[in-house]
Structures are given as C-alpha cells and as structure tokens.
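Straight from Swiss-Prot, the features:
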type	residues	note
DISULFID	Cys24-Cys37	disulfide bond
DISULFID	Cys32-Cys48	disulfide bond
DISULFID	Cys50-Cys59	disulfide bond
DOMAIN	20-60	domain 'EGF-like'
CARBOHYD	Asn3	N-linked glycosylation site
TOPO_DOM	2-75	topological domain 'Extracellular'
TRANSMEM	76-101	transmembrane segment
Amino acid sequence: LENSTSLLSDPPVAAAVVSHFNDCPDSHTQFCFHGTCRFLVQEDRPACVCHSGYVGARCEHADLLAVVAASQKKQAITALVVVSIVALAVLIITCVLIHCCQVRKHCEWCRALICRHEKPS
C-alpha cells in the first residue's frame with residue numbers, strides 16, 4: 001500500500017509529456033478556409049483554429065453573431081462621427097455669423113439674418 005501511494009505522489013516524468021498538436025504537413029496548408037491548421041497527434045488528423053468571426057470544422061462558416069456585433073459597433077461609431085461633424089459645422093457657422101454681425105456692421109446680408117433685433121443707426 002505504501003508503494004502505491006508513493007507512485008501517486010511522484011511528479012510526472014517530463015519525457016512523457018507530449019504535445020497534443022503539431023504543425024500541419026504541407027499537404028494540408030489549405031485545409032482551413034479562415035483559420036490556422038493544427039495536426040491532432042492522437043487522432044492523426046488535421047483540425048482548425050478559426051479566426052475571429054468564423055466557425056465550423058474547417059472555419060468555413062461566418063459567425064453571424066460576431067458579424068452583427070461588429071456591424072452594430074461600426075454603426076454606433078459612424079453615427080457618433082457624423083453627429084460630431086454636424087455639430088462642429090453648426091458651431092463654426094454660428095461663430096462666423098456672429099463675428100460678421102459684431103465686427104462688420106455694414107454687412108447687409110448678415111444684419112438681415114442675425115441682427116434683426118438691433119435698431120438701425
């Protein structure tokens with residue numbers, strides 16, 4: 001009984017540790033459509049590690065959930081950029097018109113647009 005417990009408590013031998021994966025042979029370089037080929041040693045067959053957004057045994061299917069999530073994020077960023085540009089344009093136009101009214105009183109079109117409340121001199 002002592003021998004069996006000592007066998008269980010000994011650390012595993014480093015030489016017995018073998019990787020489960022190897023690089024795929026040249027004959028399988030195109031095995032995965034959207035991923036990296038890895039060779040399963042114990043099963044003696046290739047397998048794929050898919051890139052983000054793809055699923056399937058050979059990474060042949062687009063992951064629609066990943067595509068939708070990425071699309072929604074892009075839409076939110078695009079909307080934020082468009083709103084920021086429009087707000088900046090409105091701010092610049094407002095500043096130009098105020099400057100025109102304050103500094104250049106002789107500008108007729110400016111007075112007609114903004115300075116209606118002022119009494120003519």
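From the backbone N, Cα and C atoms, a Cβ is placed for every residue, glycine too.
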- Of Cys24, Cys32, Cys48, the disulfide-bonded residues lying within 10 angstroms (C-alpha) of Cys59 (disulfide bond) are Cys32, Cys48
- All chains considered, the count of other Cβ atoms within 10 Å of the Cβ of Cys32 (disulfide bond) is 23
- Note on the structure: Other C-beta atoms within 10 angstroms of the C-beta of Cys48 (disulfide bond) total 22
- Task: Pop the mean pLDDT for the topological domain 'Extracellular' (2-75) in here, whole number is fine.
- Result: 77
- Message: Please report the three-state DSSP label of Cys59 (disulfide bond).
- Response: coil
- Could you tell me which three-state DSSP class Cys48 (disulfide bond) falls into? strand
- Please classify the secondary structure at Cys24 (disulfide bond) using three-state DSSP. coil
- Note on the structure: Cys37 (disulfide bond), Cβ-centred 10 Å count of other Cβ atoms over all protein chains shown, is 18
